[in-house]
Amino acid sequence: MASITLTPSEKDIQAFLEHYQTSLAPSKNPYIRYFLKLPQATVSIYTSGKILLQGEGAEKYASFFGYQAVEQTSGQNLPLIGTDEVGNGSYFGGLAVVAAFVTPDQHDFLRKLGVGDSKTLTDQKIRQIAPILKEKIQHQALLLSPSKYNEVIGNRYNAVSVKVALHNQAIYLLLQKGVQPEKIVIDAFTSAKNYDKYLAQETNRFSNPISLEEKAEGKYLAVAVSSVIARDLFLENLENLGRELGYQLPSGAGTASDKVASQILQAYGMQGLNFCAKLHFKNTEKAKKRLER
């Protein structure tokens with residue numbers, strides 16, 4: 001029988017209770033605030049703030065709090081470095097890349113914290129747990145600002161080679177701190193052949209072999225940690241850039257980005273967009289066309 005213990009926020013607890021209020025049941029245990037009988041699982045919410053989920057459906061209900069079961073592979077049970085990036089698909093904001101070093105004895109702590117791929121967690125949950133991860137987990141975070149991104153793209157780098165450079169540098173700097181991984185995993189964003197081709201132009205190199213794996217954030221907690229910290233760094237940068245310009249900058253590259261981009265273009269010109277956006281995205285031309293209407 002699966003058993004999962006979590007310590008979520010009171011706000012998340014209340015949201016869970018509201019969602020499953022019809023499953024509330026009495027409990028004689030004086031230390032249990034709420035007890036729920038759900039299909040294939042029971043949930044005990046203790047006065048201490050801890051939550052115990054038991055049963056075949058425990059993982060399903062734990063995912064409400066951001067818990068993600070990580071695939072148990074032989075590689076997962078090694079001290080390893082995992083890397084991930086956030087921001088490459090967003091017009092506004094910089095490009096954040098993080099390398100994190102995780103050891104097997106940290107796995108329980110990370111799962112109880114609710115660590116998972118940043119794409120499966122709410123921004124609120126990410127902002128809540130990222131500071132804890134930054135304090136407890138050895139990592140190296142890099143942020144390429146939009147203006148610097150625009151400076152290097154089209155000159156020395158393209159959209160793929162710049163990510164190779166950042167992932168390589170994050171790993172290199174983390175290794176310089178003395179960590180000793182038995183494996184290094186990168187959440188694959190290109191082929192190994194392409195990665196090696198672009199890596200050849202980088203100065204800082206290391207001898208450790210690397211593995212590029214698709215959906216690595218669901219297989220390795222080190223990659224999941226990097227995903228969360230990178231998302232937090234990206235969101236913080238997005239907020240700071242927007243604050244300086246007086247606009248709320250949306251994430252992504254949809255029509256909302258086109259609209260805000262046209263407003264910034266009208267107010268500040270191309271200099272304003274260069275400050276906060278990745279200019280080679282199609283959103284730039286769409287923003288210009290909006291002003292021509």
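The count begins at 1 with the first shown residue.
Every residue, even glycine, has its Cβ placed from backbone N, Cα and C.
As written in Swiss-Prot, here are the features:
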| type | residues | note |
| --- | --- | --- |
| BINDING | ASP84, GLU85, ASP187 | divalent metal cation binding site |
| DOMAIN | 78-293 | domain 'RNase H type-2' |
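Within 8 Å of the Cβ centroid of the divalent metal cation site, not counting the listed residues ASP84, GLU85, ASP187, the chain contributes THR83, VAL86, VAL97, VAL98, HIS167, ILE186, PHE189, ALA216, GLU217, VAL223, SER226, SER227, ALA230.
Of all Cβ atoms in the protein chains displayed, 30 besides its own lie within 10 Å of the Cβ of ASP84 (divalent metal cation binding site). Sequence-distant contacts (6 or more apart, same chain, Cβ under 8 Å) of ASP187 (divalent metal cation binding site) comprise GLY82, THR83, ASP84, GLU85, GLU213, GLU214, LYS215, ALA216, GLU217, VAL223, SER226, SER227. As a whole-number mean, the pLDDT of the domain 'RNase H type-2' (78-293) in this prediction is 94.
Cβ neighbours within 10 Å of GLU85 (divalent metal cation binding site), excluding its own Cβ and spanning all shown chains: 25.
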